[in-house]
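These come from Swiss-Prot:
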- 107-138: domain 'EamA' (DOMAIN)
- 1-21: transmembrane segment (TRANSMEM)
- 26-46: transmembrane segment (TRANSMEM)
- 67-87: transmembrane segment (TRANSMEM)
- 95-115: transmembrane segment (TRANSMEM)
- 117-137: transmembrane segment (TRANSMEM)
- 149-169: transmembrane segment (TRANSMEM)
- 179-199: transmembrane segment (TRANSMEM)
- 208-228: transmembrane segment (TRANSMEM)
- 241-261: transmembrane segment (TRANSMEM)
- 270-290: transmembrane segment (TRANSMEM)
Amino acid sequence: MHNLIFAILCSVAVSVLLKIARKKNIIIEQAIAFNYITAITFSYFLLKPDFKGLEFTDYIAQSENSPIFLALGLLLPSVFIIMSKAVEFAGIVRSDAAQRLSLFLPILAAFLIFHETLSQSKIIGVVLAFIGLFCLLTKPTQGQSAVNFKGVLGLIGVWFGYGIIDILFKQVAKSGGAFPATLFISFSLAACVMFIYLFLKRVQWTSSSVIGGIVLGVLNFFNILFYIKAHQSFAGNPTLVFAGMNIGVICLGTITGALVFKERISKLNWLGIIFSLSAIFCLYYLDKIIA
């Protein structure tokens, strides 16, 4: 459970950093690009990926995990770009809701792809998790206009993209000792995609964005690392990790927003936190209690 807790803490720290970055004139796109450089560095020196004596390109061509790191390398930066467009055309509240509700896809995958046993406690836990998410994501939307076609496409892209990334990280966890190489290559490809995108936009690079990206990369790397290790620790219970990570981040994020940024927590939001904690309890403890 400690890996999941560390992953949640790092994820919330990433969110806090991104929120502060917008106020410090850090260009998020540039920070994301250099975040991947940091992640590549940590992957290489801390995880020590084993390329089986092959050249980098040969390993990519021959590895059975090629579809995973190719998909991650493309999706990680692409979903960020899609998220920024969704925020632009549909608003941050709707975009955040789409990201959190993407939990539906990995939960579905847990039973259909990863063949997790569907028990009564898991059904109760999943239902409580979605009720909790609904309560936590219900916020005032005054002043928001109707969503146009571009906004709808952006929200669908966010929902689908984040859901698929969660499923892919579970697949990375299943690769066992090969996951360091998979992460290293995924981050490398993601960096290439992001830098190409920024160079095509002909951006003016800023030192504050580079520094912010380095800090972001440290937090993001450990967020992903602990998330994968959580999946490895609970190999037979992916629902716990998928739901625990998602609702854990939004619960802690909501409380952090209130304490640090003086954001208001409504009674419905507090109810959502209670439902969410109950969901984690059911997913982790209820089967053991019944047994």
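Here the Cβ of each residue, glycine as well, is placed from N, Cα and C on the backbone.
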Chain residues in Cβ proximity to the transmembrane segment (1-21) (below 8 Å; excluding those fewer than six residues from its ends, i.e. six or more beyond): 28, 31, 212, 215-216, 219-220, 222-224, 226-227, 229-230, 233-234, 240-241, 244-245, 248-249, 252-253, 256, 260-261, 284
Beyond the flanks of the transmembrane segment (270-290) by at least 6 residues, Cβ under 8 Å: 1, 119, 121-122, 124-126, 128-129, 131-138, 237, 239-240, 243-244, 247-248, 250-251, 254-255
Considering the transmembrane segment (208-228), which listed stretch of 26-46, 95-115, 117-137, 149-169, 179-199 counts the most C-beta pairs under 8 Å: 26-46
Same-chain residues near the domain 'EamA' (107-138), Cβ under 8 Å, at least 6 residues beyond its ends: 93, 96-97, 100-101, 167, 170, 236-240, 242-243, 246-247, 250-251, 254, 266, 268-269, 271-283, 286-287, 290
